[in-house]
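So that you can see what the record holds, here are the features copied from Swiss-Prot:
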BINDING   Ile26, Lys27, Asn92, Glu101, Arg117, Tyr118, Ser167  FMN binding site
Amino acid sequence: MPTFELNKAIVQKAEQQQFDFALSMIKLRGFGGKTEFWDHNLESFTLMAGLAAVTSRIQIYATAATLTLPPAIVARMASTIDSISGGRFGVNLVTGWQKPEYEQMGLWPGDDYFSRRYDYLTEYVHVLRDLWDTGRSDFKGDYFTMNDCRVSPRPQQPMKVICAGQSDAGMAFSAQHADYNFCFGKGVNTPAAFAPTAARMKAAAEKAGRDVGSYVLFMVIADETDEAARAKWEHYKAGADEEALSWLTEQSQKDTRSGADTNVRQMADPTSAVNINMGTLVGSYASVARMLDEVAAVPGTEGVLLTFDDFLTGIDAFGEHIQPLMRCRDHLRVTQEVA
């Protein structure tokens, strides 16, 4: 069950192990099943406000479910957490894809939203940027109308915005408006398989005249040997919650307008559905370190978002056994030696 104390322990460990950032997702209704898959979630902004107060270096990102929160409120909450964190805060914007999350509270705008959600998000981020950059907005659009709307104090640092688009529309939005774009890794122990997605993002950003890199998501399942790590992975697959995964598949098919290459379609692929196909690195500490170096070498990759089969032990294992073997993290050793 998620608690603040658990999340605090995880993020403080991540800071101690020199992780660069921590991001919390938002889920307003899970997938059910015997495991109650994602049925229990803390609210992202209030969680990250608390974590900002008990950390000192790590960057903190909260996720805004934009159908549930007016942009002016998000702008003010973000400015508040920026103050708490000393300028370490950023916002992940999600349009929303799982209809029951929003329908349960009367906020689903209709299934035509699937085809116009990035128009909605474009107006949303325009209001955010107005308020963060100038402290006021008079934006008038199809979805939002601001009348001398104000936010003060403004953030002390430029507010970073991230998004997670893999559809053409999602990438076009990120190219125009985001600072980074998240994408899923692909497959099991195929660290460079996401390269075409990163290349599409790079091309979209170049077309927009901006530099927007990809942050790729992988799950790490590591142990002292390849065999021990593989045994864990096989154990997890054997216990897959088929009822919850069936619900996910059903919901992923509701959007018929975004094309085949989307995060949600990848999540529902049966290949590695037990961990929603986020891309998985399974192996010894040395094997995982080597594969993460391969990830970092993919053109367009700006960073990696890691999740673990067990966060508390996984973060320590990463910091103590995997990260020291990674060539792409050599700069951390140099920093430690200088200090």
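Backbone N, Cα and C atoms are what each Cβ position is placed from, and that goes for glycine too.
Structural mapping of features recorded in Swiss-Prot.
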residue : record           : Cβ within 10 Å
Ile26   : FMN binding site : 20
Lys27   : FMN binding site : 17
Asn92   : FMN binding site : 21
Glu101  : FMN binding site : 20
Arg117  : FMN binding site : 25
Tyr118  : FMN binding site : 23
Ser167  : FMN binding site : 20
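The full span of the recorded FMN binding residues, Ile26, Lys27, Asn92, Glu101, Arg117, Tyr118, Ser167, taken as their largest Cα to Cα distance, is 21 Å.
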